[in-house]
Amino acid sequence: MNEKIVREQRGGEDSPSSVSAKSATAAASASTASMTFASAALESHKTTTITTASSSPRTSGASASASSSSRSASAPASSSSQQEKQPMLNATDMRELREIKQLLWGDNVREDVFKRWSQGFEFSKVEPSALVQKQGGPCAVIAPVQAYLLKIIIMDLPGIKLSEISLDKSQNLLIQALCDILKNCRAPRYRIVHLLRRRGNATEAGSTKKRSPAGEEESALAGQAAGSSEEVEEAAEATPASVSKLSQALQLEHDMHQELSPDEFHERLHTLHFKNIAAVARYYMENYDQLAHTYGVLLFMYSVFLTKGLELVAADISDTSEPLIHSTYGYGGQSLINLMLTGRAVAHVWDNEQDVGGLKLRGICEQSDIGFITLMEEMRYCTVGSFFKNPRYPVWVMGSDTHLTVLFSNEKRLVSPETPSETGRRIFKSYDPEGNNFISTTMLREVLIALNLVSEPAYVALMQKRLDPENLGIILLNAFMDEFFPLESRSTPDTFELMHYNGIPGSNENNKVRYYCGTAILLEGDLKSVCTSNPMVTCLQTKWPNIEINWHDGHMPSLN
């Protein structure tokens, strides 16, 4: 099956008429997967759709579209003067892309902010799996992508040396990470945003990237990881040369590093429709330069929004009056971060819903693959819930007031299921927002109810006297834990290794993006050391209140 995936022709160029004839022939031939692209110019340009048809005469378009394809297929290939048929207009994609632009940028896209976001997915020269962020702003996309990439390494490549990962392997890990984020949208189809190139006099017509034999083998593995084996096999059989030829027809001659204005960029956006994630992985393998070129990060961000669907995104956000990308500073809002991490664009980081002044404000509704902790919680700007603090994998995006970085570990016990003791401690602390390690005696019944413990009034009154014998009006955390969870050990180890990533070169030693490793120690007791001059430790303490960490090589990583 792997041979089918990587067996693609990457040979010489086709003339425009040849490409048109071959694409039309492929559309009429036997194929079961539908792949649609639509030109979604945001103002006055046309939106187009091409469908690789099924073996029956039916297609995803109207019958007129099918007959048009048949006429194109019967036309002589040598008729170079015959113009390529214009596929049908996809008004939905055009409308949604226009509204997504408004949702992200507001009424006007500032040139300087747009330039900060205009970068591709690029790896560090000294840390082959670490993405580089060239300027402030796109960390709202780059940091979550890096987190998912590291999750794949931790879970699927145990024991691998990060410094020995090849470039081809890193590229395929990136594709898997992007597919994971798209899968979180739980959409019936995947709408991938593509930058159509302007015709020119360049000699290279296609953008299909030449890969080494090892790289092609890695591409097959990436396709397998992105979807089930059945999905990958279906994609391999259903879209053989047709996907490649269709991609070449889309990828007109153009300098991929040409600088575009915001209007020019949005006028060239097209969409490709895929039924399964394995086909998306194949597309990215065949068109890796769409990720690596100047607008790769923006294209993927638009793909996530379009795949999720504008109506669902707007329902998650609730308040769409403010753009998701700050018009002055260029950083992404929490809704954008949450969409990349969880597939839902909710604006808050607490668990489930909270009633604030009669308004139901939505937070994170389930345990996420990737966690999130932030310095802003220590500053009392927000409360991060258990779903984000205790993700499925030991990877957390870390937020400062201006930037996002990534914390990760190979220690899987950091995300093992909570013991009853840890649940009790967490619930108790949720009633102690100031971090004083005590609660009001009157809150004891609420805590017991939250823990599903006995909460009869007579029993609560008895426990209040026992836990507050001097009638001070407070119950200490230690007294509560000793009474209800005596001698229970915690699941988190006392010492473990942590690693940190910051994608901005200027925030790294010698301006080279790399991972920094440290040894963490969880101290006895519940009193945390206060170190206001160390934002890294302060942020870590929102997850592990009694943590201390010694960074190797004496270098303290930066959150900014």
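Any Cβ shown, glycine's included, is placed from N, Cα and C.
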Filtering Ser212, Ser261, Ser416 by Swiss-Prot annotation phosphoserine leaves Ser212
Out of Ser219, Ser321, Ser440, Swiss-Prot gives the annotation phosphoserine to Ser219
Row Cys139 (active site, nucleophile), column other C-beta within 10 angstroms, all chains, value 27
Same-chain residues at least 6 apart in sequence with Cβ under 8 Å of the Cβ of His403 (active site, proton acceptor), in sequence order, are Gly136, Cys139, Tyr331, Asn502, Ile504, Ser507, Leu559, Asn560
